[in-house]
Amino acid sequence: MSIFLIALGLGTTTTFASSHWLLAWVGLEINTLAILPLMAQTHHPRAVEATTKYFLTQATATATMLFAAMTNAWITGQWDITQMSHPLPTVIVTIALCLKIGLAPMHSWLPEVLQGLTLTTGLILSTWQKLAPFALLIQIHPTNPAPLTIMALLSTLIGGWGGLNQTQLRKILAYSSIAHLGWMVLILLFSPSLTILSLATYIIMTTSLFLTFKMNEASSINTLSTSWTKAPALTALAPLLLLSLGGLPPLTGFLPKWLILQELTKQDLPGLATFTALTALLSLYFYLRLSYAMTLTTLPNNTGGMTPWRLPHNQPSLPLAFSSTSSMLLLPLAPAIMAFLLT
C-alpha cells in the first residue's frame, strides 16, 4: 500500500514539475498504474470491472495526448507544454485531458467506475487524480476556446441532470464531480487562479463528504436513514456540507461560484453566467434530497433495536473535522483569498 501511494504521489509530482510533454506523459502513466491495484484490492467482480474500464479510458486519453504532443512537435518543432501554438494539436490534447478528468461528453466512464470502488479509493479518484490533468490544462492556454466552453457547459448541465434519478451515493458524487468540473473548466480561459481556487474548495468539500459516508458506512440513499443513530453530531453537520457543495451562502461552496459568475459578468458573458447558475439548481436538488434522507427520515425500528447502531468506530476523525470545518466556514476569508488571487 505504501509503495502504491508513493508512486501515486510521484506520478502527480512528475507531471507538475514537467515542462516537456514526454515527461508529463510519463507522470500520468505512473499515476494510472499506481492507482489500479488500489482499485482492484477488494477482488470483487465489480471492482475488477471498474478497474478495467478506468485503465482502458486512461490509456486511451494518454495515448491521444502523446499523439497530440508528437503532432505539435512535427508541426512546430517544440516539445514544450507551453508552446502549443497550432490549433489542431491543441484541440486534440484538450479533448484527451478532458477525457482523463471525466468532462462531458466524455463523462460516461466516471459514474460506472466510481460505483465499483470503495469510498476511500473513490475519494482518491475524485480528488487527487484530477490534479495532474488540471495542471496541464492550465498550462496549454487553448487557442480555440469554443470546444472547451461547450464541454464545460455540457458538464454543468449533465452533472446536474444525471444525478437526479440516482440512488447510489457514489454515482451521485460522480455526477457532482462532473458538474463542478464544468465550473472549473468554464472559468479556465479567463482566470486560471479561479480554477485553482474552485478545485481546492471542491477537493475539501468532497473529502469531507466521502469521509462522512465512510464513517456511516453508507452506500445508498436508503442507508443514510440510520446515520443519526451512528453519529448524531455528524448527521447534523452533513446537510451543511451538502448545501456547501450546492453553492449556497454563507457556506464555503458559495465562494468559487460567486467569483466565477462575477468574472463571467466582467467578461461580458451574462448568458453563460445565467446558464451555469441555472444548472447549479439541478445539482442543488439532489443535495437537498440527500439532506432530507439523512436528517428527516429514520429507519423503521423499535426503540430497543436502535442501540446496536451506536457502535464504536476506530476511524481517524481529524481529517474529517478539518475538512468539515473548511467546507462550511471559509466564506468570511473571501476578501483575503481574492487579494491573494489578484497578487
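Each Cβ is built from the backbone N, Cα and C atoms, and glycine gets one as well.
Of the listed segments 15-38, 87-110, TrEMBL assigns transmembrane segment to 87-110. At the 8 Å Cβ threshold, with sequence separation of at least 6, the transmembrane segment (320-342) comes into contact with the transmembrane segment (231-248) through 3 or more pairs.
In the predicted model, the domain 'NADH dehydrogenase subunit 2 C-terminal' (284-338) has a mean pLDDT of 75.
Cβ atoms under 8 Å from those of the transmembrane segment (185-211) belong to residues 98, 103, 119-120, 122-123, 126-127, 130-131, 134, 137-138, 142, 145, 148-149, 151-153, 155-156, 173, 176-177, 238, 241-242, 244-245, 252-253, 255-256, 259-260, 263-264, 267, 272, 276, 319-320, 323-324, 326-327, 330, 337, 341 of the same chain, restricted to positions at least 6 beyond its ends.
Outside the transmembrane segment (146-164) by six or more residues, the chain places 91, 94-95, 98, 103-105, 107, 111, 171-172, 175-183, 185-186, 188-189, 272, 275-276, 279-283, 285-286 with a CB less than 8 A from a CB of the stretch.
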